[in-house]
Amino acid sequence: MKVGVLALQGAVAEHIRSIESAGAEGVTVKHAGQLDELDGLIIPGGESTTIGKLMRKYEFIDAIRAFASHGKPVFGTCAGLIVMAKGIEGGEEAHLGLMDIKVSRNAFGRQRESFETDLEVKGLSEPLRAVFIRAPLITGVGEGVEVLSTYKDEIVTARQGHLLVSSFHPELTDDYSLHAYFLEMIKSNDAAVK
Ligand SMILES: NC(=O)CC[C@H](N)C(=O)O
């Protein structure tokens with residue numbers, strides 16, 4: 001199984017390491033043509049405005065939309081969550097607009113720019129160590145979206161079919177259980193296609 005990590009900006013190497021620890025091959029993705037060989041794609045954290053701009057420049061927008069519309073799983077973390085959302089609070093234009101969620105950027109404010117906590121996530125057997133860095137929050141979800149975890153009543157992990165997002169950085173610890181969960185999504189997706 002090959003899982004790509006969009007490598008325009010942000011925490012790429014850490015995601016590759018987590019994917020490989022979870023048992024799949026990690027591919028650093030720099031050109032849209034590489035998507036053809038992938039079973040799933042991760043969009044990492046970083047800065048969503050920059051990632052969005054680079055996605056436009058390197059023609060990833062239509063390519064990732066096509067990838068997802070063929071049912072291939074996509075996992076966005078932190079800034080990756082923002083670029084996958086259909087709505088961004090404050091009137092900013094959506095980037096990929098893949099997932100039926102509304103997000104608020106930098107929602108934890110300056111006092112709590114970054115912090116770590118143990119999170120219960122639906123579908124994982126143990127709490128996950130979650131690292132939040134200038135994290136966004138999911139402020140609204142559409143009908144087909146399942147909430148997988150909350151932090152202080154705010155939504156921080158969600159899934160819509162083959163799309164998965166987290167507000168936090170699951171790649172910055174050696175707990176790769178959310179990556180393993182994503183690989184399971186890819187496996188069950190493969191079964192559906194065959
Ligand atoms: N760690 C992150 O990915 C931060 C996201 C960043 N605050 C943004 O709005 O794009």
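Cβ from N, Cα, C; glycine included.
Just so it is clear, the model here is predicted, and its values are computed rather than measured.
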Given that TrEMBL lists Gly46, Glu47, Ser48, Ile133, Arg134 as binding L-glutamine, which residue among Arg105, Arg159 does it place in the same site? Arg105
Quick check: which same-chain residues outside Gly46, Glu47, Ser48, Arg105, Ile133, Arg134 lie with their CB within 8 A of the centre of the L-glutamine site CB atoms? Gly45, Cys78, Ala79, Ile82, Asn106, Ala135, Pro136
Site extent for L-glutamine, whole Å (max Cα pair distance, Gly46, Glu47, Ser48, Arg105, Ile133, Arg134): 13
Of Ser48, Ile133, Glu171, the recorded positions whose C-beta sits under 6 angstroms from any atom of ligand 1 are Ser48, Ile133
Gly46 (L-glutamine binding site), number of other Cβ atoms within 10 Å: 22
Long-range neighbours only, meaning 6 or more apart in sequence with Cβ under 8 Å: which ones does His169 (active site, charge relay system) have? Ala11, Glu14, Gly45, Thr77, Cys78, Ala130, Val131, Phe132, Ile133
